[in-house]
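Below is one structure, written out as structure tokens, with a few remarks after it.
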């Protein structure tokens with residue numbers, strides 16, 4: 001089961017990257033990997049997606065295109081879009 005506290009703490013090292021771009025830190029990429037490892041079922045993916053979306057909404061200056069590029073920059077195949085605008089039920 002995925003809870004948002006876990007997702008938030010996994011993504012917290014990514015906040016400077018998400019707000020400013022550049023290169024994500026190793027800790028940030030470890031967090032992205034951790035979310036991937038938790039997201040093994042459709043329900044888990046949807047829950048993680050909702051947590052990510054809620055977290056993203058707390059940062060009005062978050063750059064959506066930077067957020068969406070995060071899994072690629074970390075070389076993690078994440079099946080969850082990192083965005084404020086995702087329809088999580090469509091996953």
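Cβ coordinates come from backbone N, Cα and C, glycine included.
Record features, source Swiss-Prot:
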- 4-51: disulfide bond (DISULFID)
- 14-28: disulfide bond (DISULFID)
- 29-74: disulfide bond (DISULFID)
- 49-88: disulfide bond (DISULFID)
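Structural mapping of features recorded in Swiss-Prot.
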| residue | record | DSSP class |
| --- | --- | --- |
| 4 | disulfide bond | helix |
| 14 | disulfide bond | helix |
| 28 | disulfide bond | helix |
| 49 | disulfide bond | helix |
| 74 | disulfide bond | coil |
| 88 | disulfide bond | helix |
Minimum Cα separation from residue 51 (disulfide bond), reported as the residue among disulfide-bonded residues 14, 28, 88 that achieves it: 88
Cα-nearest neighbour of residue 29 (disulfide bond) within the listed disulfide-bonded residues, 4, 14, 49, 88: 14
Cβ neighbours of residue 14 (disulfide bond) where a neighbour is any other Cβ within 10 Å: 23
Fewest other C-beta atoms within 10 angstroms, as judged across 29, 49, 51, 88, which are the disulfide-bonded residues: 88
Spatial separation of residue 74 (disulfide bond) from residue 88 (disulfide bond) - C-alpha basis, Å: 22
Candidates 4, 14, 28, 49, namely the disulfide-bonded residues, that fall within 10 Å of residue 74 (disulfide bond) by Cα distance: 28
Euclidean distance between Cα atoms of residue 4 (disulfide bond) and residue 14 (disulfide bond), Å: 15
Neighbour tally for residue 4 (disulfide bond), based on other Cβ positions within 10 Å of its Cβ: 14
Close in space, distant in sequence - residue 28 (disulfide bond), Cβ under 8 Å, 6 or more apart: 11, 13, 14, 17, 70, 74
Alpha-carbon distance [residue 49 (disulfide bond); residue 4 (disulfide bond)] in Å: 10
